[in-house]
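According to TrEMBL:
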type	residues	note
DOMAIN	22-423	domain 'Glycosyl transferase 48'
TRANSMEM	85-107	transmembrane segment
TRANSMEM	136-155	transmembrane segment
TRANSMEM	257-278	transmembrane segment
TRANSMEM	332-350	transmembrane segment
TRANSMEM	362-383	transmembrane segment
TRANSMEM	395-416	transmembrane segment
TRANSMEM	422-441	transmembrane segment
Amino acid sequence: MVIQMYLIGSFTSQEEVSVKRFSSTLREGNVTHHEYIQVGKGRDVGLNQISMFEAKIANGNGEQTLSRDIYRLGHRFDFFRMLSCYFTTVGFYFSTLVTVLTVYVFLYGRLYLVLSGLEQELSQEPAIRDNKPLQVALASQSFVQIGFLMALPMLMEIGLERGFRTALSEFILMQLQLAPVFFTFSLGTKTHYYGRTLLHGGAKYRPTGRGFVVFHAKFAENYRLYSRSHFVKGIEMMILLIVYQICGHTYRSTVAYVLITASLWFMVGTWLFAPFLFNPSGFEWQKIVDDWTDWNKWINNRGGIGVPSEKSWESWWEEEQEHLQYSGKRGIIAEILLALRFFIYQYGLVYHLHVTRKTKSFLVYGASWLVIVLILFVMKTVSVGRRKFSASYQLVFRLIKGLIFLTFVSILVILVTLAHMTIQDIIVCIFIFMPTGWGMLL
């Protein structure tokens with residue numbers, strides 16, 4: 001007995017526990033042992049697979065937002081449970097939607113200030129022009145918009161767990177890996193599909209695939225995935241920023257413009273070019289030529305019964321607008337009201353042309369609509385003529401197109417020489433017609 005106690009006393013703590021377990025087992029006792037293994041599910045994915053997955057989750061959260069379950073939970077939760085519900089389910093997607101809507105309100109508000117002349121009047125006020133605290137606030141605002149404050153919680157969490165030097169090195173590594181580009185692009189995906197589900201419903205399963213992801217995605221595929229969610233919105237923001245600079249460059253400094261719009265230009269560049277930046281061999285010349293050929297074949301192929309969206313632009317367009325067929329009256333009215341912003345933008349911009357700057361008559365706005373209708377009529381006539389007469393009357397059709405081109409050039413020369421139309425006016429006219437045509441399509 002003494003020898004046994006001596007041997008047990010000389011063991012380490014782990015060995016002591018093992019001897020006690022063995023002794024308990026000899027006395028017909030039970031010793032339980034628990035082990036926990038953390039297992040994670042993962043697979044290699046590319047940008048397109050991630051975007052389709054996030055679109056599926058955003059659609060689901062949109063349906064949850066409209067459900068009675070969230071309504072009842074919101075009425076019966078206390079404050080802290082409500083915070084947990086907000087940050088782990090629908091609240092995150094609602095906050096991303098509000099973030100992007102705030103960008104739109106900011107851009108259109110700035111455009112209203114510059115087109116109405118209010119910004120110029122305010123900039124000439126001595127109390128505002130020499131206001132140093134306001135300039136400091138604008139400078140600090142630009143850093144906040146870049147997202148530095150959004151990164152502080154991440155830095156604090158990693159710093160407390162692994163040290164602040166590791167946190168700083170990981171933050172720099174994330175910037176080199178273009179993490180802000182990816183998450184800004186992901187913001188647009190969540191906002192588009194969550195907002196569309198709130199207006200029209202229509203959540204559905206989106207297959208993401210399990211294939212090998214290190215391959216080059218064609219331009220037509222990227223166009224189908226991101227046209228309505230990123231490309232159209234990015235081009236709209238780009239036009240607004242360019243018009244804001246053109247109409248206010250005479251009285252605004254370049255530094256002020258950069259401080260106000262730097263983060264917005266970053267969002268525009270991300271939404272327009274991130275799919276090509278994260279695409280393997282995205283800038284290889286031969287791949288670009290092949291993508292252009294494939295896109296032309298897809299855009300010119302007519303749709304029909306049984307033609308999938310991967311083969312025809314027409315089938316893809318009908319599939320993209322399918323949610324409007326099952327939408328309610330509220331969703332249709334909201335969609336129409338949102339599309340009216342393009343016509344209000346056109347109304348404000350027409351009076352800033354060098355030709356029409358001296359008059360404020362409503363006839364100028366009516367004349368702009370007359371020009372738009374005339375251009376659409378000519379384009380539709382050429383499109384119909386190409387399908388019906390290009391094969392039988394090829395020479396006559398080419399002569400008609402040549403006459404239309406010469407007429408357009410003649411009108412442009414007359415406006416430049418007699419009405420003193422400038423190159424800036426031509427650029428602004430293009431920026432007027434493009435959003436107005438898109439608003440008519442919507």
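Along the chain as shown, the residues are counted starting at 1.
Cβ coordinates come from backbone N, Cα and C, glycine included.
Please treat TrEMBL annotations as automatic predictions, because they have not gone through curation.
Counting Cβ pairs under 8 Å to the transmembrane segment (422-441), the stretch among 85-107, 257-278, 332-350, 362-383, 395-416 with the most such contacts is 332-350. When each of 85-107, 332-350, 362-383 is scored by its Cβ pairs under 8 Å to the transmembrane segment (257-278), the top-ranked stretch turns out to be 85-107. Sequence-distant neighbours of the transmembrane segment (332-350) (same chain, 6+ residues past either end, Cβ-Cβ under 8 Å): 108, 111-112, 115-116, 199-200, 240, 243, 247, 324, 356, 364-365, 368, 428, 431-432, 435-436, 438-439, 442.
Only residues 6 or more beyond the boundaries of the transmembrane segment (362-383), in the same chain, are considered here, and those with a CB under 8 A from a CB of the stretch are 346-347, 350-351, 356, 401, 404, 432-433, 436-437.
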